[in-house]
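S.K.: From TrEMBL, here are the annotated features:
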TRANSMEM  12-34  transmembrane segment
TRANSMEM  46-67  transmembrane segment
TRANSMEM  73-94  transmembrane segment
TRANSMEM  137-161  transmembrane segment
TRANSMEM  176-195  transmembrane segment
Amino acid sequence: SLSAGLDLPGRFLFATLTLMTLIAILVFIEEAVYIYRKIPSSKRSIIIWINAAAPVISTTSCIGMWVPRSTMFTDFTAGIFFAIVIHKFLMMMIKECGGQKMLLRRFENGRFTISTGPCCCCCLCLPRVPITRQTLFWLKLGTFQFAVFRPVLIFLSIVLWTNGNYVLYNLSPKGPALWISCFIGALTLFALWAVGIMFRKVRILLKCKNIIPKFALYQFIVILNHLQTTIINIFATQKIIPCAPPLSSTARGSYIAQQLLIMEMFLITVISRVVYRRKYHDLEPPECAPEEPRDKKQPP
């Protein structure tokens, strides 16, 4: 068994990381109860979803650490969950602006800057797009397609894997892993691009809502869960991470990625509790609609 093959420092490390995962889950449960009691129902579920990202990734990484054969399923579970969280984050920014109607009213003469990362940060010549219902629809579609198609592609990968046709580290053009990974990567870039366009427009308006720290936490989860894990897996497949019997290079790289994610997601869970727990009802951005009738009523 895994525990029998560990020495004393290894058991201590596994126990510490498992304890960190349990603490992250408890912190999230306490935060979810607080959000359920204190946050308006229109924003409640969205904020709980976003706060759940780090604990869920930490939990799946912990399960993958203890049960190495489940790594593919745990990675896919975390990937599906975070695809939904990306869409929820975009919807949260719209909700914090007062909803779609209020956002359109605030920025009725404004324009979206689409020359932003990760797709078009170097294309400064791109025109600025008017903020309309149609452009908002396309932004929401950009994240929604990721929440829909990534689970479908992951389900297809699992089906091919059970049949022996899908090998995660086999990136030859003849195998399906390369093409599925490239397609998921393209969908990810479009989803992150849509969130970046919206954030660039509302970051000043929602500064009183601490949207910049919230966006930073969201970006850290993206980078750590996707980019960091991908780099470690590449190092493992290229044998840069040496094997340590009975663990192969790929298995050792998977262990390193999971252990790093547990520690990082634990810190993000604790920081998210501080950022999202503040009472923002006193820091509402100025409402355009209610102020006009008040001004008209003041002269009489």
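Cβ atoms here come from the backbone N, Cα and C positions, even for glycine.
Caution: TrEMBL annotation is automatic and unverified by curators.
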S.K.: Mind checking which residues reach the transmembrane segment (12-34)? Cβ under 8 Å, same chain, six or more beyond either end.
M.R.: 3, 6, 48, 51-52, 54-55, 58-59, 61-62, 65-66, 259, 262-263, 265-266, 269-270, 272-273, 276-277
S.K.: List, by number or range, the same-chain residues at least 6 past the transmembrane segment (46-67) whose CB is under 8 A from its CB atoms?
M.R.: 2, 14, 17-18, 20-21, 24-25, 27-28, 31-32, 35-36, 39, 74-75, 77-78, 81-82, 84-85, 88-89, 91-92, 95, 214, 218, 221, 225, 254-255, 257-259, 261-262, 265-266, 268-269, 272-273, 276
